[in-house]
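Features reported for this protein in Swiss-Prot:
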type	residues	note
TOPO_DOM	1-73	topological domain 'Cytoplasmic'
COMPBIAS	40-59	compositional bias 'Basic and acidic residues'
REGION	40-60	region 'Disordered'
TRANSMEM	74-94	transmembrane segment
TOPO_DOM	95-198	topological domain 'Extracellular'
TRANSMEM	199-219	transmembrane segment
TOPO_DOM	220-699	topological domain 'Cytoplasmic'
BINDING	291, 292, 293, 294, 295, 296, 297, 298	ATP binding site
BINDING	512, 516, 588	Zn(2+) binding site
């Protein structure tokens, strides 16, 4: 048996007992050869000498493993080098020679150039002619301009090219005439067969695909050997900021002082945990940033990363879920394991609603993968050990769709509202965004903040950038007030359109906008007028802009009734002046109807129904929360609500008509001024309309 050449399976083990490889030995008595055993034992020693990170990368990176299998083989590397050299040589030998840019020219221009003796060589292939001029000639739009020939006025100089190589197509069945014509003018003629691919061209077309197929075959063969870890999707894709953290601090965030204070306390807890632990305080496990889009939730998280001296893991919630079942839960586990290993640390999850939606409890089938990811997130957040010093910060602009289990204390202990900034906050944000921009002394940031109610931090940053773009386009060295005004008009009203309107239509639009303005001017408590314009912008033919002097957080019934009258002022002016109404009031009617429905159904401001909430006019934000809304409201109550809405609109229309009849002269003057100047500011509005009534107290 000692000399037998039978094969036997042998399982080689490392020195630590872990099986390495199953090999075939030629001798039954001896087992595995000593040389093979030494080689495998050496490879196991190399594996143990690698760092944990290198071992993890080698085991979880299948593509890197495959490439090592290719380039680690002498024969595989040799074939790759031979293929590359062969492809390069074939391309270098058979590639067409180029002596300059080639241009398509007309056949008539080609004939004229031959007759002038300006064509040196020609290659004829079927109906296609490739040739070369004796000298560079000017070509524009397929026409060749001979030396000394002037360019027509209709030719754009930017389209003129100087070329030495050209291509043209000859008429059918004229090869014999063209050949004789070229020989007559002593042009060197070459003929190539048309149709069918030459051997060099075929090789150049096929070799890259053969090489690619071979490479993919080698990759697939190496991947199949380690199919257990072929897809390393289970690891979290969170980005870690430790040493190279974002250069954003709380000083770069303005307008959200309360949110900054909440997050600053979390940062201080992570930097100095001992002083909190001494008195038994527990670090909040989660902080949820809630607010509209563009208010700075992600910017606050970046500021936390810049302020905190601890590892900061940043990930988008959409990165958890993939097409494979269980990947999301695996990534959540991996993320929290990495964070716990480097505690104290912070995990930031952006757009939490991507995985934190309320779990499905209705008809049909829910999203099992997303729900598994959410369940794993709930377990990880609630399964922290005491004093692990790991904080989860999440951001969302859709808190109403989040699962209640995610919002309970013990998971997200704090909900920080990041709302729209007030006037003072907007001014501070503008000062931050204009730090690196040269602005003129006439720019009033306080006034600009007052003129932008409802703007978020992202809107204000865009406003400053748009103003800088306007100034750069005008060739200015600084950004002045006019640049900011144009940028603000562009954001609020849209881009100016070069729309040609007739005089009658301009007059109609002028009276429509003047009607809005006159009703707003003579309605006590209405917002001041900032601008009236009949210049078409966006989808509107004209616009009347009102801006409150101070931010408002509550509106009285009288203020809303005045707003209804202002919205219907344009339609009332059309009816009064032209005894006809147009389609220009469509958006006004839509806004007025929605406002009246909210007054009746949400705020209880109707005399017919009194203080009652019906849910009318409520904006149902997100589908999937409830398929059908259950209104336990009688039909008679809904009919009365519709009648109340109609009454509010009719009374507002009558009020607008009454104001316009009383101030018909001012209406005509303002409309004439708009026709003449197109855009009118607040100073000229006061000159035309006279003294404005003082706002009276509410009823």
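Glycine too: its Cβ is placed from the backbone N, Cα and C atoms.
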Rounded distance in angstrom between the Cα atoms of residue 293 (ATP binding site) and residue 512 (Zn(2+) binding site): 34
CB within-chain contacts under 8 A for residue 294 (ATP binding site), separation at least 6: 456, 457, 458, 459
Chain-internal residues, separated by at least six, CB under 8 A from residue 296 (ATP binding site): 253, 255, 256, 418, 456, 457, 458
DSSP helix/strand/coil residue counts for the topological domain 'Extracellular' (95-198): 22 helix, 39 strand, 43 coil
Same chain, 6+ residues apart, C-beta under 8 Å of the C-beta of residue 292 (ATP binding site), given in sequence order: 397, 419, 420, 456
Average model confidence [pLDDT] within the topological domain 'Cytoplasmic' (1-73): 43
Beyond the site residues 291, 292, 293, 294, 295, 296, 297, 298: chain residues whose C-beta lies within 8 Å of the centroid, for ATP: 395, 397, 418, 456, 457, 458
Spatial separation of residue 516 (Zn(2+) binding site) from residue 291 (ATP binding site) - C-alpha basis, Å: 33
Of the binding-site residues listed as 295, 297, 298, the one whose CA lies nearest the CA of residue 588 (Zn(2+) binding site): 295
Cα-to-Cα gap, residue 295 (ATP binding site) vs residue 516 (Zn(2+) binding site), nearest whole Å: 32
Other CB atoms, at most 10 A from the CB of residue 512 (Zn(2+) binding site): 28
CB-centroid shell, 8 A cutoff, Zn(2+) site 512, 516, 588, site residues removed: 513, 515, 542, 544, 567, 568, 569, 570, 571, 573, 584, 585
Residue pair residue 297 (ATP binding site), residue 516 (Zn(2+) binding site) - Cα distance, angstrom, rounded: 38
CB contacts for residue 516 (Zn(2+) binding site) [other CB atoms within 10 A, all chains]: 28
